[in-house]
């Protein structure tokens, strides 16, 4: 196969792709056999990507005709995000070898599973996160916030779907897209509705006047593929561009999985396009440096605290964490006009997304500057934050 331009998925951090690393080195239970994410070099144009995909499609067909190769599906989807180009597909080893040897290809990774970063604990318990992020000191339930409340900002919830008819959204939620084959345009899991309402619900949310867009990229069990997450990201950027709301958009990823460089690059380019991206650190009580999306650049990564301002026992930590936010025992909306309590860094991330949306609406801050401003405003200290981790706690600057 010549020199392989491939990411070794166990590597903690890569500043450049090592062309000698072997695809076969990647080992993980989350890997999808024969399914790949192919990232093009920075110099490749949109037209060149299209031409390359046509070439790959031809190779795949030739393999079936000449070698009797198994039809694994071939090309699936191309990604064009803010000048970044990639595609996904399922290929046999001979076709993959030709892709790896192509001079327009930067690197190839396995497609992998990714999962939500939250879990249900109980129903109908009292909430505390709203009061906590609007006061420097612990112990109050009152939520104090700027009256703009995210007005004019659009929140993209890339998740299990959203019950857009839930009364907590007050008619501000719309369905965007469903990229998960074999599922309906709804939220049968509940995670997506809960996170969206945490960010932008009328009763349970922080940015109470923000618009909400449902983007279903995880199945009804809370699992998904990075190739679908990337497809959803591309759609969000294009939708925001068409609606002329780049610079006034927030995107939340309450998910976690092993580090995938292609996915990180897609997320980073969505942020660079003009979207504030809040992400979950993950729930493994380990350093999030080797996790995606936590390790992506230009995102605001959230770890989770308890009501006592301790690091939640499950929460990941590490240098990629930008802020802690409430994440244990968080009450929010769930499908079919219900409410529920969930815990996880999944709940912490939309707190950051919601406060970020409010900040963008009230101060006109650019998405690229929001995370730094939130860090500057933060309270704390968080107790026992973990090694090499900030002890700063999300605060909305209410003055209380």
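One is the number of the first residue shown, and numbering goes on along the chain from there.
Backbone N, Cα and C define each Cβ position, glycine as well.
Swiss-Prot lists 1-19 with the feature signal peptide.
Taken from Swiss-Prot, the feature domain 'Inhibitor I9' covers 35-116.
According to Swiss-Prot, the domain 'Peptidase S8' annotation covers 127-400.
Residue 138 (N-linked glycosylation site) is surrounded by 14 other CB atoms, counting those within 10 A of its CB over all protein chains shown. The N-linked glycosylation site annotation in Swiss-Prot covers 138 (among others) and is backed by sequence analysis.
Summarising the annotation, Swiss-Prot assigns active site, charge relay system to 159 (among others). According to its DSSP assignment, residue 159 (active site, charge relay system) is in a strand.
Residues or ranges marked as N-linked glycosylation site in Swiss-Prot (evidence: sequence analysis): 181 (among others). The DSSP secondary structure for residue 181 (N-linked glycosylation site) is coil.
Taking all protein chains in view, 29 other C-beta atoms sit within 10 angstroms of the C-beta of residue 191 (active site, charge relay system). In the three-state DSSP assignment, the secondary structure recorded for residue 191 (active site, charge relay system) is helix. As annotated by Swiss-Prot, active site, charge relay system applies to 191 (among others), with the evidence given as sequence analysis.
On its own chain, residue 252 (N-linked glycosylation site) has 155, 156, 157, 158, 159, 195, 196, 199, 277, 278, 279, 349, 350, 353 as residues at least 6 apart in sequence with a Cβ closer than 8 Å to its own Cβ. In this structure, residue 252 (N-linked glycosylation site) is part of a beta strand by DSSP. The N-linked glycosylation site annotation in Swiss-Prot covers 252 (among others), and the record cites sequence analysis as its basis.
Taken from Swiss-Prot, the feature N-linked glycosylation site covers 337 (among others), and the record attributes it to sequence analysis. Under the DSSP three-state reduction, residue 337 (N-linked glycosylation site) is assigned to coil, being neither helix nor strand.
The DSSP secondary structure for residue 346 (active site, charge relay system) is helix. The active site, charge relay system annotation in Swiss-Prot covers 346 (among others), and the record cites sequence analysis as its basis.
The DSSP secondary structure for residue 388 (N-linked glycosylation site) is coil. Residues near residue 388 (N-linked glycosylation site) in space but far in sequence (CB under 8 A, at least 6 apart, same chain), listed by position: 287, 317, 318, 319. Residues or ranges marked as N-linked glycosylation site in Swiss-Prot (evidence: sequence analysis): 388 (among others).
Positions annotated as N-linked glycosylation site by Swiss-Prot, on the basis of sequence analysis: 396 (among others). Here the Cβ of residue 396 (N-linked glycosylation site) has 25 other Cβ atoms within 10 Å, regardless of which shown protein chain they belong to.
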Cα separation, residue 191 (active site, charge relay system) to residue 181 (N-linked glycosylation site) (Å, whole number): 19
Close in space, distant in sequence - residue 337 (N-linked glycosylation site), Cβ under 8 Å, 6 or more apart: 166, 167
Cα-to-Cα gap, residue 191 (active site, charge relay system) vs residue 346 (active site, charge relay system), nearest whole Å: 9
Sparsest-packed among the recorded positions, when each Cβ's other Cβ atoms within 10 Å are tallied, from 181, 346: 181
